[in-house]
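Visitor: What TrEMBL records for this protein is below:
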type	residues	note
DOMAIN	30-178	domain 'APS kinase'
BINDING	Gly37, Leu38, Ser39, Gly40, Ala41, Gly42, Lys43, Ser44	ATP binding site
ACT_SITE	Ser111	active site, phosphoserine intermediate
Amino acid sequence: MTLTTTRKSDVTWQPLQPRERRWARMGQRPAIAWLTGLSGAGKSTIADAVDRGLTEAGRSTMVLDGDNLRQGLNRDLGFTAADRVENIRRAAEAARLMADAGLVVIVSLISPFRAERAAARAIAGDIPFLEVFIDTPLAVCEARDPKGLYDRARAGKIPNFTGISAPYEAPEAPDLALQTRNQSVMESAQPLIDALLNLSADRPTRA
Ligand SMILES: Nc1ncnc2c1ncn2[C@@H]1O[C@H](COP(=O)(O)OP(=O)(O)O)[C@@H](O)[C@H]1O
Ligand SMILES: [Mg+2]
């Protein structure tokens with residue numbers, strides 16, 4: 001097998017037209033909301049509610065859901081610590097591309113490690129980035145168990161299961177923390193809808 005490698009110094013950044021021209025055409029500013037929390041916390045459910053709410057309000061959006069990414073872009077990755085790190089890096093890079101194109105991007109990914117969430121924020125660069133903690137206690141997630149995963153994890157059938165056999169590092173200073181216990185989905189989602197509507201409002205680049 002012949003391996004061809006490209007040295008970083010051989011790659012140059014191809015300049016593109018200013019992002020602001022795309023954004024002005026779309027009449028909105030991009031943003032990234034990064035939803036983190038345990039399995040069953042409500043990330044996908046809230047991401048969908050926020051996505052629909054923003055669409056209704058006339059925004060252009062995209063959702064990057066961890067489960068969906070694992071069926072395509074990240075299908076080669078498992079759940080070891082190294083693979084979770086790569087899973088998050090790719091999601092962050094994809095979110096950044098979509099945001100550069102002008103979309104409001106909602107990422108729902110367990111993303112259990114603080115360092116990787118910080119790395120995702122760094123990849124977002126100057127794109128407004130909200131770390132959103134879906135703050136649902138483990139016991140509530142386990143009682144919900146929408147996919148039957150906790151049952152199987154407790155039975156030792158799923159290795160490296162976050163909250164059971166793998167760590168979850170809760171955010172220490174999230175931009176937003178959403179409770180879901182004894183709240184409707186819309187009650188949980190509304191603060192994030194409001195924050196993203198505000199961030200993505202079109203502002204003229206020149207006064
Ligand atoms: N306020 C709420 N916000 C989000 N989900 C809720 C809420 N109340 C109950 N749920 C339920 O909790 C479960 C969350 O599952 P899901 O969104 O798939 O979690 P995750 O994507 O974090 O693994 C769903 O069955 C959902 O209907
Ligand atoms: Mg989910």
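Cβ from N, Cα, C; glycine included.
Bear in mind that TrEMBL entries carry predicted annotations, made automatically and left uncurated.
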Visitor: What is the separation, in Å, between the Cα atoms of Ser44 (ATP binding site) and Ser111 (active site, phosphoserine intermediate)?
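Guide: Their Cα atoms are separated by 13 Å.
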Visitor: Between Leu38 (ATP binding site) and Ser111 (active site, phosphoserine intermediate), how many Å separate their Cα atoms?
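Guide: Distance between the two Cα atoms comes out at 9 Å.
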Visitor: Which Cβ among the recorded positions (Ser39, Ser44, Ser111) has the fewest C-beta neighbours inside 10 Å?
Guide: Ser44
Visitor: What's the CA to CA span in angstrom from Gly40 (ATP binding site) over to the residue listed as 'active site, phosphoserine intermediate'?
Guide: 13
Visitor: Taking Cα atoms as reference points, which of the binding-site residues Gly37, Ser39, Lys43 is nearest to Ser111 (active site, phosphoserine intermediate)?
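Guide: Checking each of Gly37, Ser39, Lys43 against Ser111 (active site, phosphoserine intermediate), the shortest Cα distance is to Gly37.
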Visitor: 10 Å Cβ neighbour count around Gly37 (ATP binding site)?
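Guide: Total other Cβ atoms inside 10 Å, all chains included: 29.
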Visitor: Applying the rule Cβ within 8 Å of the centroid of the Cβ atoms of Gly37, Leu38, Ser39, Gly40, Ala41, Gly42, Lys43, Ser44, what extra residues of the same chain belong around the ATP site?
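Guide: The answer, listed by sequence position, is Ser108, Ile110, Ile134, Thr136, Cys141.
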Visitor: So which binding-site residues out of Gly37, Leu38, Ser39, Ala41, Lys43, Ser44 are up against ligand 2, CB under 6 A?
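Guide: Those binding-site residues that pass the cut-off, since their Cβ is under 6 Å from ligand 2, are Lys43, Ser44.
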Visitor: Would you mind sorting out which recorded positions among Leu38, Ser44, Ser111 put a C-beta under 6 angstroms from ligand 1?
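Guide: Among Leu38, Ser44, Ser111, near ligand 1: Ser44.
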Visitor: Under 8 Å Cβ-Cβ from Lys43 (ATP binding site), six or more apart in the same chain: what's there?
Guide: Leu35, Thr36, Gly37, Asp65, Gly66, Ser108, Leu109, Ile110, Ile134
Visitor: Measure the Cβ-based neighbour count of Ala41 (ATP binding site), defined as the other Cβ atoms within 10 Å of its Cβ.
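Guide: I get 26 for this one.
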Visitor: So how many other Cβ atoms are close to Gly42 (ATP binding site), meaning within 10 Å of its Cβ?
Guide: 27
Visitor: Average pLDDT across the domain 'APS kinase' (30-178)?
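Guide: Summarising the domain 'APS kinase' (30-178) by its mean pLDDT gives 96.
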